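What Swiss-Prot lists as signal peptide is 1-29. Annotation source Swiss-Prot lists active site, charge relay system at HIS120, ASP150, SER226, citing sequence analysis. Here Swiss-Prot flags 270-361 as domain 'PDZ 1', drawing on sequence analysis. Annotation source Swiss-Prot lists domain 'PDZ 2' at 367-458, citing sequence analysis.
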Amino acid sequence: MKKTRFVLNSIALGLSVLSTSFVAHVAQATLPSFVSEQNSLAPMLEKVQPAVVTLSVEGKAKVDSRSPFLDDIPEEFKFFFGDRFAEQFGGRGESKRNFRGLGSGVIINASKGYVLTNNHVIDGADKITVQLQDGREFKAKLVGKDEQSDIALVQLEKPSNLTEIKFADSDKLRVGDFTVAIGNPFGLGQTVTSGIVSALGRSTGSDSGTYENYIQTDAAVNRGNSGGALVNLNGELIGINTAIISPSGGNAGIAFAIPSNQASNLVQQILEFGQVRRGLLGIKGGELNADLAKAFNVSAQQGAFVSEVLPKSAAEKAGLKAGDIITAMNGQKISSFAEIRAKIATTGAGKEISLTYLRDGKSHDVKMKLQADDSSQLSSKTELPALDGATLKDYDAKGVKGIEITKIQPNSLAAQRGLKSGDIIIGINRQMIENIRELNKVLETEPSAVALNILRGDSNFYLLVQ
């Protein structure tokens, strides 16, 4: 039997798509007559649509232009050939290509001109232009971003006469609540579609190191909708439209949005600190299933199973143990490990939280203060392009200290430079390092890193990265 291949698509729109003419007919969810006494969403939309904008971006994308010849040279020898050899016989290894793209965004502060969107909409942009529903255009600058949560905040230059959107409490959402998606699909202009909340706490299973705790909706969402608004029937923001799953790249009734509470927490951190300071609970685990529930004598069928509690972590200090099952955070139900992972990461370091967990069939409540996730600070504090797209954590095992690469995003600079998941970085520019903090210190004095000392299996070699 032939399997259908489903693809997770970010939904920003490259302008090259516009050169292809097509018309797609898709089934559209409709709101039943009992929603309210009103027979139209128009009054609500008239207030909300001016707060949803279109972002046009221009920039230069980095692409790998190395000759395949260099790929045949063992990693341990490449360092000794030097830059001149690579330029003469293999190309410079990196080139830039102009790109343009379209996406959507939401005005969240009218007086200051703040617009919330997805990171993948503005990633790599040198120029950002924001167009309002009334046709006015503003130049914009990037205020801050968080790649792992796919959130970015931009600010309009000289904002005036803007409309902002109000945040809803996304923790109060229920499956079956009505949703309205607003954005600019395929560059056609602002478009409104409707549906319901299909699922909450959804993860796509992506292996990219991102934090996923999506609202799933069947409202029609297509390319160009990225960064646009998902609102409730009161016109309040419940999510930022981010991705779709589709066999064809178009709407298939499965769309994902970042919850408004999660986005709001990230924006507050960006405005306060200039970066996202992730919280760290200090647990490892997975999803609760029927077999685990039976083995650990609990009746719950949903929750986050704790398989390991890290030493000296917030979780250990609060008394959590391996085998505990977390069922709620701050009074809100936890359905999966991915959900609590995302909520902890976006809550912020130093924040106090409460957890409800099951142990030996009994429910317990505990409060704790989250620690800082130092591994999440690398992209904000350093300028080492070769590590773009790599998820890092401190490594201390088997008598070796360094930085472990736990995940590599496909087609990222880290992947292009030859880094692989499982690599251990133990040195930079011939200086030994034992953790991410030491790497940051080296880069403060030597920002132009040229070589990383890598342990890969039984191999110890230098990898040329500049």
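Placement of Cβ uses the backbone N, Cα and C atoms for every residue, glycine included.
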Return the average pLDDT for the domain 'PDZ 2' (367-458) as a whole number.
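The answer is 78, the mean pLDDT of the model over that range.
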Provide the three-state DSSP residue tally for the domain 'PDZ 2' (367-458): helix first, then strand, then coil.
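The counts are 25 helix, 35 strand, 32 coil.
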Whole-number Å distance between the CA of ASP150 (active site, charge relay system) and the CA of HIS120 (active site, charge relay system)?
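Distance (Cα to Cα, whole Å): 6 Å.
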If one measures from the C-alpha of HIS120 (active site, charge relay system) to the C-alpha of SER226 (active site, charge relay system), what distance in angstrom results, rounded to a whole number?
8
Give the residue counts of the domain 'PDZ 1' (270-361) per reduced DSSP state, in the order helix, strand, coil.
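Across the domain 'PDZ 1' (270-361), the residues distribute as 26 helix, 28 strand, 38 coil.
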Among all protein chains shown, how many Cβ atoms are found within 10 Å of the Cβ of ASP150 (active site, charge relay system), not counting that one?
26
Counting every protein chain present, what is the number of Cβ atoms, excluding its own, within 10 Å of the Cβ of HIS120 (active site, charge relay system)?
20
If you draw a 10 Å sphere around the Cβ of SER226 (active site, charge relay system), how many other Cβ atoms fall inside it, taking every protein chain shown into account?
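Its Cβ shell of radius 10 Å holds 33 other Cβ atoms.
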For HIS120 (active site, charge relay system), what is the secondary structure state per DSSP, taken as helix, strand or coil?
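In three-state terms, HIS120 (active site, charge relay system) counts as helix.
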